Amino acid sequence: MAAAVTAAVSVPTTKSSPLPARTCFISSERISFQKTCLYTRNVATVGKVGPIRAQVTTEAPAKVEKISKKDDEGVVVNKYRPKEPYVGRCLLNTKITGDDAPGETWHMVFSTEGEVPYREGQSIGVIADGVDKNGKPHKLRLYSIASSALGDFGDSKTVSLCVKRLVYTNDQGEIVKGVCSNFLCDLKPGAEVKITGPVGKEMLMPKDPNATVVMLATGTGIAPFRSFLWKMFFEKHDDYKFNGLAWLFLGVPTSSSLLYKEEFEKMKEKAPENFRLDFAVSREQTNEKGEKMYIQTRMAQYAEELWELLKKDNTYVYMCGLRGMEKGIDDIMTSLAERDGLVWADYKKQLKKAEQWNVEVY
Ligand SMILES: Cc1cc2nc3c(=O)[nH]c(=O)nc-3n(C[C@H](O)[C@H](O)[C@H](O)COP(=O)(O)OP(=O)(O)OC[C@H]3O[C@@H](n4cnc5c(N)ncnc54)[C@H](O)[C@@H]3O)c2cc1C
Ligand SMILES: NC(=O)c1ccc[n+]([C@@H]2O[C@H](COP(=O)([O-])OP(=O)(O)OC[C@H]3O[C@@H](n4cnc5c(N)ncnc54)[C@H](OP(=O)(O)O)[C@@H]3O)[C@@H](O)[C@H]2O)c1
């Protein structure tokens, strides 16, 4: 049974996007959202990043025996299918982009009562209420999970999403609203939501707690990385204590659309040795040549460092968001590989095989 929601949350009205110190009431139980998020979890202790293996070779480095993240028996997929979805309830839904941002992005939390057991990096499907133009139920849309497996309230009974409201003008000049994203962004606390899944193994976290994890996100592509970073920095686990390096690059159009900025800055304060954070704000920043600051433009400023990290066999790169980012990132990698006499396409193939290059773009 889904928890009954008896009150809503407050909604930010200004720019930037904190998940603020708001309060929601679930089953008459008072839960302080920010307190749960930021302060009641222990943070990984500060540690050193291992030395970089600065070898130059014409082949990808030999890989040590690794446990595949995909072979984990505990990873559940497709527990719920469209014919019999899990029906959760919206517990919280809040706009996390400023009023002047181009487009709206919302953070939402649904109850699962622990019945949708997901891992960081997986997605769920959502079936919007209503029917399509043929009178058939809507098809499911996939959304990357934005919460860690423990969920935003730390009780493994919720799942969170980060959803951009799709609105565009078609060739006839009509304004069209995307079916599922608008259904989700308009959900009120207490409303039911049909959930399928969980699905996906591509974006599961590396098992090695000492790994270097490079996260490349555009827009709502941040979702899986929020889930990784919560596990790494805001939670205490008996079997996992992150002591590696997490490096997040996030590309957004304006500073008012920087998603979860305050949370990430809090993580940086807590673990400065273990977390690096770089933003690319495309419509406000440029590089020294005056070019638009896309995520790959920001990465290019650290090209050498990133390339050296990629030579380590415990560096894992994850990419999520707009399809266009993949080519931009491949382009900078191609020129870096060339300097070492390598063909990026071949090198990338080996990294992919070793689960060190993980891509989910759309
Ligand atoms: C693995 C995966 C994870 C995802 N995770 C997320 C996530 O975390 N957050 C998120 O917000 N989204 C995510 N998405 C995208 C999401 O699944 C939906 O596609 C998105 O929300 C739009 O769905 P919709 O029902 O609102 O739009 P629909 O009603 O399905 O409309 C979309 C269609 O509108 C048309 N269209 C869209 N834009 C334009 C345009 N500018 N001009 C003309 N036609 C256009 C296209 O035909 C497009 O297929 C993910 C997708 C995948 C595959
Ligand atoms: N698992 C998944 O597959 C998954 C998960 C989550 C989201 N998504 C998808 O990711 C996309 C995110 O979109 P959004 O609307 O949330 O993002 P957004 O807020 O519009 O931000 C996207 C940013 O990327 C920039 N950008 C545009 N073209 C680029 C390119 N070729 N290379 C690098 N950066 C580029 C944009 O710059 P300008 O606008 O200034 O040009 C903007 O700064 C959506 O399509 C969503 O469906 C996929």
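In case you wondered, yes, glycine gets a Cβ from its N, Cα and C as well.
Annotations in TrEMBL come from automatic prediction, not curation.
For 83-205, the entry in TrEMBL reads domain 'FAD-binding FR-type'. In the predicted model, residues of the domain 'FAD-binding FR-type' (83-205) average a pLDDT of 98.
Sequence annotations record features per position, and here TrEMBL assigns NADP(+) binding site to SER144, LYS164, THR220, VAL252, PRO253, SER282, ARG283, LYS292, GLY321, LEU322, GLU360. Sequence-distant neighbours of THR220 (NADP(+) binding site) (same chain, six or more apart, CB under 8 Å from its CB) are THR105, SER144, CYS162, VAL163, LYS164, LEU259, GLY321, listed in sequence order.
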Maximal Cα-Cα distance (Å) across residues annotated as binding NADP(+), namely SER144, LYS164, THR220, VAL252, PRO253, SER282, ARG283, LYS292, GLY321, LEU322, GLU360: 27
THR220 (NADP(+) binding site) in three-state DSSP notation: helix
Counts by DSSP class (helix H/G/I, strand E/B, coil) across the domain 'FAD-binding FR-type' (83-205): 7 helix, 50 strand, 66 coil
